[in-house]
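Contents: one structure, followed by commentary.
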């Protein structure tokens, strides 16, 4: 397995210049907890009173002014992302045999990192099992929802409007039983970040009142459509503004980072693969959350700096991840030497990059082959020690590629160590 460490940007602590943006306003409201919600009388008393909720600023007409150092930093990070995308295509070509699975696993890696920011963690194996609708952990199933949101985001990248944002959110939550009724719907209740289940009086941040959400999103969409702002600056500010609006009951962070990937695609920074940008944010979650707070106070410098650092990280570590996966693929191909060229096992092998855990039904669907042909291909891969059966059962069998899973878990483990 190729090493995934040694990034020249691990100690990337550049000076952060101020970028002036309009700060949120505030309005005061009275909160009286509803009866019958299961809270103690003392908690109800503590959570009865006046609180302040945000009034989102408008960005559709914001004037972007950057000093030369910020402009240079953003330009360097932007070029790093573009170069990463180009390097992957040069290495893998544009045909889908390997590029397609590689794109799929990079998107899944980004989805897992984005979910981990929300304390939703899972292993590569559990996530692959969840993709097969096989027995898996609850967190893995939630992360699959994030994968669906990322996929929807990339499909809608060419027409980003409020409907597209609703579609991303719907894809995220539609299969989550306790949230299905809220999937793809703007909230109609007050939401907040921080402590206090009975009310927002002790919250760190109270999002705008529900009646302000639709107008704020319309202004955000107008901002997204501007062409006079450096793309990475525009993406960072759009994300921070989305998180400030907090338009949904749940899933705002994951939807907001799915929007980031849609914008990276829409603005042409990456065209063929998904850059693991959330991995860069995950390494410094405290800085990321503090940058969102600074943005609300009127300074976008920290969030732009966080995105520039995350972009450089994504380009470098993305290269290492792709290299490791390609090397493992070549090693597995060497195990198939001597197999007839027309054997279906050759076609299954690159699919394992994007789906390292498979069953017979997956092979049948992915390749459009019958049950016997699919099983023959799986058996050939087992005989050559490319994959192994991992359930120990006679029925509902599943096979996994330990090399690909190890690389993906090593990537996730390094992100945890860096935090």
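Any Cβ shown, glycine's included, is placed from N, Cα and C.
Summarising the annotation, TrEMBL assigns domain 'Fido' to 160-310. Summarising the annotation, TrEMBL assigns active site to 246. The ATP binding site feature in TrEMBL is assigned to 250, 251, 252, 253, 254, 255, 256, 257.
Around the Cβ of residue 256 (ATP binding site), 25 further Cβ atoms fall within 10 Å across all displayed protein chains.
The average pLDDT computed for the domain 'Fido' (160-310) is 94.
Spatial neighbours are here defined as Cα atoms within 10 angstroms of one another, and by that definition the neighbours of the residue listed as 'active site' among the binding-site residues 254, 256, 257 are 256. Within 8 Å of the Cβ centroid of the ATP site, not counting the listed residues 250, 251, 252, 253, 254, 255, 256, 257, the chain contributes 118, 169, 172, 248, 258. Most Cβ neighbours within 10 Å among the recorded positions 246, 257: this distinction goes to 257.
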